[in-house]
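Annotated domain 'ABC transmembrane type-1' per TrEMBL: A:89-292, in sequence order. Residues or ranges marked as transmembrane segment in TrEMBL: A:33-55, A:85-114, A:126-150, A:156-175, A:207-228, A:273-296.
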C-alpha cells in the first residue's frame, strides 16, 4: 500500500499536501471495501436462503410428498402413514393457471393501449400510474377486495376467488413488460405495415406482437413466478384445504398456504414437509425467473 | 371520437376499419377496467371499514385496545399502525446503505464480467416468495437474533443514556420488531439496489470523466457527481422500498411475534397491519365488528402505501421517461 501513498496519480494535489492525498486514497479504499462487503452481504443472504432450503428441504423431499395428501402429524407414532402436499400442488396449479389465463389478456390489452393508442394522453398517463401503483400495492389488500367482492356474496371461501385475486396481481406485471417491449419496436416497422394498407389492429396483432413475442412471454413468465408464491391474498380468498379439490366454488388448497400452516404447526414432521414444499416452490419460481431472463436475452 | 387524438396519424385509410374500432375499444376497455379495479379496491375497503369508523371514530387511530370479547368489543389500530411504520422505516435504515454499496459496486467497482452475474443474483432475491423469507426468517434469523444479537446488544447498548431502553426487553423469543425489520430489509434490498444501479448508469459518462480527469477518486466521483445528479431518483427508489416494506405480509407474520401490545423496545414482539389482517381475518366472523376493524386497518394501509408509492413514482418519473 505504501506505493499508493507515495506515488499517487494526482500530481497537482500531491505537491501541495501529501497528507491530503493519502487521506483521500484511504477514504476511497475504505468505501471500496465497504461496498464490496455490502455486495457480499447481499449474496450471503441469497446463499443462506438457498442452502437452508436445500439442506432442510431435501431431507424430507421424497415421493410421498408429491403423491400423498395432507395427513395429521405422526408425532409419537412412527407407524402412521406419511402425508404429502399433492393437494396443495394441484390447488396451486389450478389457481395459478386460471389467474394467469384471466390476467394475461387484460394486461396485454392494457399494455397495448398504453403503447399504441395512448402515448402522451391523459388517460394513458393516469393508467400507467395506476398500473405501477398496483404493481407494488400490498397483495393482502387485493385479498380483502376479493373477499368483499366474491367471498361474501358467495357465502364462503372458494378457489375461483383465489384465482381472481391472483389475476389482479398478474395484470400490472404483464402491462409493464408489454408496454416496454412494444415501445422497443421501431416505428419504421409500423409505418411499413401501414404503408402496405393494413389496418392498425392487424399491424398490432400480426406484426408488433410477433416482433415483441419473446418480451411479452417474459412478462407472462414473471407474472406466473410472482403469483405462484403469493400467500397473503389466498389466505382471505381460497383459504386452503386439506384434501384435493377440483371444485372452484369451495375452499382450495395451495402450496404457499400449506407451507404456512404446516410450518407453524409446531410438529417436526409437518415442518419438514413444509420445508420440502418451500424448496419445491422456490426452485420452481427461480427456474421460471431464469428462463424468463434467458428468453429475453436470446432475443437481443 | 377520442381516438382521433392519437398522435400518430397512421392507420387512417379509407374510412374507419371496423376491426380497428373494435380492437381500440377492447384495449381502452381493459384500461378502464384497471382503473375501476383500483377504484373498487378503495371503495370496498372503505365500505368494509365503515362500521368500525362509525363505532370508534378518530379514536381508532390512537387506541391501543384490541378486545374481541363479545359485549366488550373494542378495537384500536394504534399498535398495528405503529408497528407497520416502525418496521418499514427501520428496514429502510438497514437496507439503504447496503443497497447503495451494491449499486456502487455494480456500476463503478466491479470488473465487467462480474456485473451481470452479481446483478442477476441480487435481482433473484426479489423473486424469492415472501413465504420463503418468512420460513427462513423464523428458523434462521429468529434464533440468530435471539442467541446473538439481542444478548450482545442488550449487554452493551442498554447502558446508553436516554436510548438504552430501545434495547432492553423482557422478551427473549427472538420474534420482534427488530427481527421483522431485518427480514424486511433483505426483502426490499434488491428493489432499492436495482433502482440505484439503473439510475447511476444513466449519469452521462462525460460528467464522470471530467471529474476523473480532475483527479477525483471513485468515491469522490460518486459523492460529487453521481449522487447529486441522481439524488431525486435515489429517493424515489428508497420510497419504492418503503412502499414494499409497509405492505409486506407473510414474512413479517412469521417473525414479528404478533403481539397486539405497544412495543417498548426494539426487541419486543409487535404486529403490523398486514400481519394482523392475515392472522385474524380468516378466523373472524363474516360481518362482525372485528372484521370491520380489520377492513379499517386495510384501508389505512392502502392510503399510506398509495401515498408512498405515488411519491416514489413521481420522483422516478425522469428515469421512467428515459
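Placed from the backbone N, Cα and C atoms, the Cβ positions cover glycine too.
Among residues of the same chain six or more beyond the transmembrane segment (A:207-228), those with a C-beta under 8 A of the stretch's C-beta atoms are 92, 96, 99-100, 103-104, 107-108, 116, 166, 169-170, 173-174, 176-178, 180-182, 184-185, 189-190, 193, 198, 255, 281, 284-285, 288-289, 291-293, 295-296, 298-299. Against the transmembrane segment (A:85-114), stretch A:156-175 shows more Cβ pairs under 8 Å than any other of A:33-55, A:156-175, A:273-296.
Sequence-remote contacts of a segment are chain residues at least 6 beyond its ends whose Cβ falls under 8 Å from one of its Cβ atoms, and for the transmembrane segment (A:273-296) they are 49-50, 53-54, 56-61, 65, 83-85, 88-89, 214-215, 217-218, 221-222, 224-225, 228-229, 255-256, 258-260, 262-263, 265.
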